[in-house]
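> Please see the structure below; I have some questions.
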Amino acid sequence: MKKTQTWIITCIYLQLLLFNPLVKTKEICGNPVTDNVKDITKLVANLPNDYMITLNYVAGMDVLPSHCWLRDMVIQLSLSLTTLLDKFSNISEGLSNYSIIDKLGKIVDDLVLCMEENAPKNIKESPKRPETRSFTPEEFFSIFNRSIDAFKDFMVASDTSDCVLSSTLGPEKDSRVSVTKPFMLPPVAASSLRNDSSSSNRKAAKAPEDSGLQWTAMALPALISLVIGFAFGALYWKKKQSSLTRAVENIQINEEDNEISMLQQKEREFQEV
C-alpha cells in the first residue's frame, strides 16, 4: 500500500514540476481576477446611493495609457476597500456586504503584488500624485471595474510609452469623475472609456494572437505532463500486475507443496499402522 502511494505522489509532483515552470514563462502572474467580481451588483444595491467612499484618485486616468495609472490605482483601491471593510462589522446584518468587500479586497491585493513584480521600467512617469476624492458606490466600483479591465489588457500586452500629460491637455473640468454611461458590471469597462484609442487598437489587435500563444503554452505542457503521467501509470500497472502474477503463482505452488506434504505424511502414518 505504501509503495502505491509513493508512486502516485511521485507522478503528481513530476507533472507539477513539468507544468508550472513552462506556464509561468508565458503568463505574467496568473489570473487573480475571480468570479467574485460578479457580486459587485449585489453590493452596490445594498449600499445607499448617497453613501460616499473615499478614494485617492489617480489624476490623468482618463487621458494616459492604462499602464501609467494601473499600479497606483490598484494600491489606492486596496486602501479604500480596507477602510470600507472596517466599517462593516462581521455580524449577521452586515455579513453579506462584509464578505463581498473582503473578497474584492483580496483580488485587489493580488493585483498589487502582480503590479509590484511586473511594473514597467525606465518609464518617465507623470509628476501628479493621487488626489483624495469621494465617490458614490456606483462611481467607485466603475473605477474598480475599469482597473480590472486595464489589468486584463496589461496581461496580454504591456505598453511602454511615457506617462507624461501633454501640455495641450487642459486640467480636468471637475474634481469628480464624470459618469456619463450607466453603471456597467463584468465584463467591465467598455473600451470606449479609453481616450488613448491608438494604444487600445494595438492591444486589441495583439490580444487574439497573444491569447492563442498563451493557451498553446498552457496546453502543450499539460499534454506532455499528461502523457508522461500515463506512461508512469502504465509502467507501474505493468510492474504491479507482474508482481501480483508472481505472488499468485507462489501461492499456488505453496498450496500444492502443502498438499503433497500432507499426502506424504498420511501415507507414512498409514504404513506405520
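Cβ atoms here come from the backbone N, Cα and C positions, even for glycine.
Okay, so Swiss-Prot annotates it like this:
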SIGNAL    1-25  signal peptide
TOPO_DOM  26-214  topological domain 'Extracellular'
DISULFID  CYS29-CYS114  disulfide bond
DISULFID  CYS68-CYS163  disulfide bond
CARBOHYD  ASN90  N-linked glycosylation site
CARBOHYD  ASN97  N-linked glycosylation site
CARBOHYD  ASN145  N-linked glycosylation site
REGION    190-210  region 'Disordered'
COMPBIAS  191-202  compositional bias 'Low complexity'
CARBOHYD  ASN195  N-linked glycosylation site
TRANSMEM  215-237  transmembrane segment
TOPO_DOM  238-273  topological domain 'Cytoplasmic'
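How buried are the listed features, and what sits near them?
Every protein chain considered, the tally of other Cβ atoms within 10 Å of the Cβ of CYS114 (disulfide bond) stands at 20. In three-state terms derived from DSSP, CYS114 (disulfide bond) belongs to a helical segment.
In the three-state DSSP assignment, the secondary structure recorded for CYS68 (disulfide bond) is helix.
Sequence-distant neighbours of ASN97 (N-linked glycosylation site) (same chain, 6+ residues apart, CB-CB distance under 8 A): LEU43, ASN46, LEU47, PHE88.
According to its DSSP assignment, ASN145 (N-linked glycosylation site) is helical.
Broken down with DSSP, the topological domain 'Cytoplasmic' (238-273) shows 35 helix, 0 strand, 1 coil.
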> If you count the other Cβ atoms within 10 Å of each Cβ, which of the recorded positions CYS68, ASN145 comes out on top?
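Ranked by Cβ atoms within 10 Å, first place goes to CYS68.
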> Express the distance between the Cα positions of CYS114 (disulfide bond) and CYS68 (disulfide bond) as a whole number of Å.
15
> If one measures from the C-alpha of ASN145 (N-linked glycosylation site) to the C-alpha of CYS68 (disulfide bond), what distance in angstrom results, rounded to a whole number?
17
